[in-house]
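Report on the following structure.
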Amino acid sequence: MPSSSSGNSRHFSRVAPVVLAILDGWGHREEVEHNSIRSAETPIMDALWHAYPHTLIEASGAAVGLPDNQMGNSEVGHLTIGAGRVIRQELVRISETVQAGRLGQTPALIALAERLRKSDGTLHLLGLCSDGGVHSHINHLCGLLHWAAAAGLNKVAVHLITDGRDTPIQSASKYLHQIEDAINASGVGELASLCGRYWAMDRDHRWERTIRAYEVLTDPNQSISRVTAEDVLSASYANGTTDEFLEPTRLSNNYFKDGDGLVMFNFRPDRARQLVQALTLPDFDGFPRANQPSLDVVTFTQYEHDLPVGVAFPAESLDDLLGQVVSEHGLRQYRTAETEKYPHVTYFMNGGIEQPLAGEERHLVPSPRVATYDLAPAMAADTLTESCVNAIESGVYSLVVINYANPDMVGHTGVMGAAQEAISTVDRCIGRLLDSTGRMGGTLLITADHGNAELMQGSDGQAWTAHTTNPVPVILVEGEKRKLAGYGNDIQLREGGGLADIAPTLLQLLDLPKPDAMSGLSLIQAIDSPTPSARLPQPV
């Protein structure tokens, strides 16, 4: 930290930080109806939007390396923000492999098939069954069934995790029919279990949920449903239980046994990790395991470094990320979020690097332990803001990154009143960040990673719990000690940008060079200057 001394006293100069506030799930939609953002009390954000440079940027589809019209998500959004370029996402990589019929060329799957042919074990296929494209895609499961048939694996059990969060809340029947068609077309496979993602895909160490999914997969004494999968869904809906919360249900006697193989086809790690830990780690202590079958496991992507599993699609390495540039120039940075979004501002934003960079400090604020976040719309936002204000005013961090989970996590519940409260909470917290950053002479850049809370009801009248393809806002509040040289007060934010432009913008604000690998462009330009041609960086 720079310092100067005078006489016997020593004075440390305080850094005026650049603060990036990511409002998770805060998309832009003009219509007020079913829009928890436009209909909530947001005096701070409204005032900033009208008084400071602002724009809208793309956070879905090709702008973040996804297929056209594919909604963005937190993992992809933070990866793109940190990379400063469009990255070909796992959904695209895996889909291209499936469509080309190349799953059988994947080394991890080749090895698994060879071992199962020798052991005569059952192949279990487990994952989220929908076309949401956030954690998985049903086409990948269909591809796995055809791969298994071609590989001579005739004993195949399919374990479906129902969605209702990234898809309509009662849409599982459609996907169930698709899987039944794929089973018939491939000639292999049996529906073995159903389980809502609430139980199977927890990421907050709520082990009382994970154990329910674990037991339906491993317990030989679990009762088998006497009705069809379709009947299970119908009964669930009649009881007011939607897809996300579907009770774990065994449909056949095909549970996990010693010598079996498992492919977990979720490609997003954060919500697949806990269940796979329970299935594979010898020293797992999240809950007592009455049954611990010895399995040969392959996951589609790397969920964490120390899992004893094969990985079908290893990560592509990334360099010259935002955090690396800041670190390599000897500057300190601070990343903070509550439990639900902590991996996003750390692991994902750093391109899949788990260890902090030199000079990077991370602070986790626990999320409230409630069943669903409509019961606590404020979540931990006030505590999170307090910790961030302390970091800003410490005067040691050049870059401060904070994520507010409320718009996304409460938006996912589909409860309008709770979402409005969540939005107003975040608005109030932005006011505190603004005051703190201003006192330090720093600059505040506000954006979001994808849309969600701006649409709370679908055209069918059902609650909308998924993300959207809407653009997201960017607002720049320059600080007195961070004024950009050569612009005066004549700054505007250009149109036609995407999330890949956030890192180059931050580097310009920090007066740091943009690496050649960052194909994104700063959003900052002088008023009335020509706007760069609206082009999206090409995936790498």
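We count from 1, first residue shown onward.
From the backbone N, Cα and C atoms, a Cβ is placed for every residue, glycine too.
Counting only residues at least six positions away in the same chain, the Cβ atoms of Ser74, Lys341, His344, Asn403, Tyr404, Ala405, Asn406, Pro407, Asp408, Met409, Ala448, Asp449, His450, Asn452 sit under 8 Å from the Cβ of Asp24 (Mn(2+) 2 binding site). The annotation Mn(2+) 2 binding site is assigned in Swiss-Prot to Asp24, Ser74, Asp449, His450 on the grounds of sequence analysis.
In this structure, Ser74 (Mn(2+) 2 binding site) is part of a helix by DSSP. Positions annotated as active site, phosphoserine intermediate by Swiss-Prot, on the basis of sequence analysis: Ser74.
Using a 10 Å Cβ-Cβ cutoff, Arg271 (substrate binding site) registers 22 neighbours. Annotation source Swiss-Prot lists substrate binding site at His135, Arg165, Asp166, Arg197, Arg203, Arg268, Pro269, Asp270, Arg271, Lys341, citing sequence analysis.
According to its DSSP assignment, Asp408 (Mn(2+) 1 binding site) is helical. According to Swiss-Prot, the Mn(2+) 1 binding site annotation covers Asp408, His412, His467.
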Other C-beta atoms that fall within 10 angstroms of the C-beta of Asp166 (substrate binding site): 21
Close in space, distant in sequence - His467 (Mn(2+) 1 binding site), Cβ under 8 Å, 6 or more apart: Gly25, Ser60, Met71, Gly72, Asn73, Val134, Asp166, Asp408, His450, Gly451, Asn452
Among Asp408, Asp449, the most crowded of the binding-site residues [Cβ within 10 Å]: Asp449
Spatial separation of His412 (Mn(2+) 1 binding site) from Pro269 (substrate binding site) - C-alpha basis, Å: 19
Distance from His412 (Mn(2+) 1 binding site) back to Arg203 (substrate binding site), taken between C-alpha atoms, in Å: 15
